[in-house]
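**Student:** Here it is: the structure, laid out below.
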Amino acid sequence: MESGELSREGVVRDAATGELFIPATRRADGTWRKARRVKEGYLPPEEVPAFETKGNLWLKNQPTGPVGLHIDEKQQSESAMSKAAKKNAKRKEKKKQQRNDDSDTGAMLSPSDRQNKPAPPSDTDRVKSAGTTCDPLKEADRDATKRLRNLRKKLKQIDDIKKRIDSGELKNPEKDQLEKVSRRQVVADELDELMQNLNVEN
C-alpha cells in the first residue's frame with residue numbers, strides 16, 4: 001500500500017516551513033496536547049486501515065448473484081431479506097404508523113378524554129393473559145406427575161443408602177442418612193397414594 005492512497009485527517013502542512021504536524025488538541029479534562037511534528041508518510045494509528053487477508057478481499061469482490069447479473073443495491077438488500085424479515089419489517093412499520101396516528105390524535109384530545117380512553121394491551125399483557133388461561137386441571141396434573149417423579153427418586157436414594165449400610169460399604173452413616181432410611185415407609189405410602197389418585201383422575 002502506498003501512503004498516497006490513504007487519507008490523513010488531522011495532519012496539517014505548515015505553510016512557512018513545509019513540515020507536517022498534528023495540530024494541538026484539547027483533552028476531555030480541558031488541558032491541551034501540544035502539536036506534534038510528523039514525517040511525510042505518517043498515518044495516525046486510528047486511520048490505518050485494518051489488515052485484510054487476500055482470501056477476505058477475494059470473497060468481498062465475488063459477485064453474490066449469478067454471473068452477469070447486475071442488481072442495484074436497494075433491490076439487492078430487499079431481495080436478501082428472508083420472508084420472516086420482510087414480515088417483521090412490515091409489522092414494525094405498521095406499529096410505527098399506529099404510534100404516529102395515536103400521538104397525532106392524542107395531541108388533539110383533551111386531558112379528560114385521554115384518561116377515559118383505555119390503553120391498548122401491550123405484548124407482555126397478552127403473554128401474561130395467555131399464560132393464566134391454561135387449564136388448571138392440566139397444571140395440577142403436571143404438578144402431580146412432578147411430585148411422583150420426585151418421590152420415586154427419593155425412594156431410590158433411600159433404598160441405595162439402605163443397601164450400602166446392609167452391605168457394610170457405609171459403616172458410619174450420617175444422621176440425615178439414618179433419618180432418610182427411617183422415613184422410607186412414609187415416602188412409599190405417599191407414593192402409593194399419589195399413584196392411586198393419578199389412576200383415578202386418568
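For all residues, glycine too, the Cβ spot is worked out from N, Cα and C.
Quick paste from TrEMBL:
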type     : residues : note
DOMAIN   : 18-44    : domain 'WIBG Mago-binding'
REGION   : 36-148   : region 'Disordered'
COMPBIAS : 84-97    : compositional bias 'Basic residues'
COMPBIAS : 136-146  : compositional bias 'Basic and acidic residues'
**Student:** For the compositional bias 'Basic and acidic residues' (136-146), what does DSSP give as the number of helix, strand and coil residues?
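**Tutor:** Taking the compositional bias 'Basic and acidic residues' (136-146) as a whole: 11 helix, 0 strand, 0 coil.
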**Student:** Restricting to the domain 'WIBG Mago-binding' (18-44), what is the model's mean pLDDT?
**Tutor:** 86
